[in-house]
């Protein structure tokens, strides 16, 4: 038997084994399981997002309707890449292009694809989120496409060196957070990614020469992506090798784990930092709600542990860290307690993890 044939046979066998060990990961998007996985999104959020229009009045609005607020919805979808209109002047008519945009939004956010403004869709649109567009991304289209939810920036840009320096701005900062607190948060966030890929991150003082530049900015800060106030877009970062990571200074950022006792509009800095570092590395948004790279994040929510989807996406770009530990891969067991999302190890599926890692390496 030829070496090439053996290789292809082993790839196929590995894929079958992964299917066997992770059957629930391979369902189509529009299934009862998918609807169950997004059930949390149907809970109307209690915190009003004053930055964006009150979309709640648009629930169940039908195509052909003329309703005040639809123009704001179109502007929102335009902001995140779903509506292409150079004039940026939108009507209040629920038309065909809007229905198509809603369907694409639902697909990208892991919702049942209906094209309708159901409660789960409208609620998700009201949540604070990352400012990076959901579209203009490259979808993973390899043999494992049916299992993957991660995306990349167009062209799949990546860094071509194994050590990246980063610096936190000493001028664009927050008065109520100490420099050391912010640095500690980012050290933890960077370590999440460096633990799974052969890239290390070195903190430096020189902001101008650092590969990755981090700072807090308010409003229009000159990069073409102005921030919009409390609980709108939380942050954004640029594809490699741009290196800029900007956080909205208008947010109430917290760096401890006292989420329950914090303000109703508090945002966990480490959760957002971990997400944005994924963008710095070249990852786009994931349609899997449990993933760190999912675009939306509820206030007072902590989500910092990389899921299998996050890890699979970044491994396809950089390959595995030689020191990658199997038990560092987390499979989400989303349990929302007191406003926090907890990600726990699946202790009962160790063999599945072994096969998954082997499969990822074979497909790299």
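The backbone N, Cα and C atoms fix where each Cβ goes, and this holds for glycine too.
What Swiss-Prot says about this protein:
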ACT_SITE  276  active site
BINDING   130, 275, 279, 285  Zn(2+) 2 binding site
BINDING   211, 243  Ca(2+) 2 binding site
BINDING   221, 223, 236, 246  Zn(2+) 1 binding site
BINDING   228, 229, 248, 251  Ca(2+) 1 binding site
CARBOHYD  49  N-linked glycosylation site
CARBOHYD  338  N-linked glycosylation site
MOTIF     128-135  motif 'Cysteine switch'
SIGNAL    1-28  signal peptide
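All features noted in Swiss-Prot, drawn onto the structure.
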{"residue": "130", "record": "Zn(2+) 2 binding site", "CB count, 10 Å": "23"}
{"residue": "221", "record": "Zn(2+) 1 binding site", "CB count, 10 Å": "16"}
{"residue": "223", "record": "Zn(2+) 1 binding site", "CB count, 10 Å": "12"}
{"residue": "228", "record": "Ca(2+) 1 binding site", "CB count, 10 Å": "18"}
{"residue": "229", "record": "Ca(2+) 1 binding site", "CB count, 10 Å": "15"}
{"residue": "236", "record": "Zn(2+) 1 binding site", "CB count, 10 Å": "20"}
{"residue": "246", "record": "Zn(2+) 1 binding site", "CB count, 10 Å": "23"}
{"residue": "248", "record": "Ca(2+) 1 binding site", "CB count, 10 Å": "27"}
{"residue": "251", "record": "Ca(2+) 1 binding site", "CB count, 10 Å": "25"}
{"residue": "279", "record": "Zn(2+) 2 binding site", "CB count, 10 Å": "23"}
Determine the mean pLDDT over the motif 'Cysteine switch' (128-135), rounding to the nearest whole number. 94
Using a 10 Å cut-off on Cβ-Cβ distances across all protein chains shown, tell me which of the recorded positions (211, 276) has the largest neighbour count. 276
The DSSP breakdown of the motif 'Cysteine switch' (128-135) into helix, strand and coil residues is 0 helix, 1 strand, 7 coil
Of the binding-site residues 243, 246, 248, which one sits closest to residue 275 (Zn(2+) 2 binding site) when you measure Cα to Cα? 246
Taking the mean position of the Cβ atoms of 221, 223, 236, 246 as the Zn(2+) 1 site, which residues outside that list, in the same chain, have a Cβ no more than 8 Å away, listed in sequence order? 131, 217, 222, 225, 226, 227, 244
Measuring Cα to Cα, how many Å separate residue 236 (Zn(2+) 1 binding site) from residue 130 (Zn(2+) 2 binding site)? 6
Starting from the Cβ centroid of 130, 275, 279, 285, the recorded Zn(2+) 2 site, name every other residue in that chain with its Cβ within 8 Å, sequence order please. 132, 236, 237, 276, 278, 283, 284, 293, 295
When you measure from the Cβ of residue 243 (Ca(2+) 2 binding site), which residues in the chain that are at least 6 apart have a Cβ under 8 Å away? 210, 211, 212, 213, 280
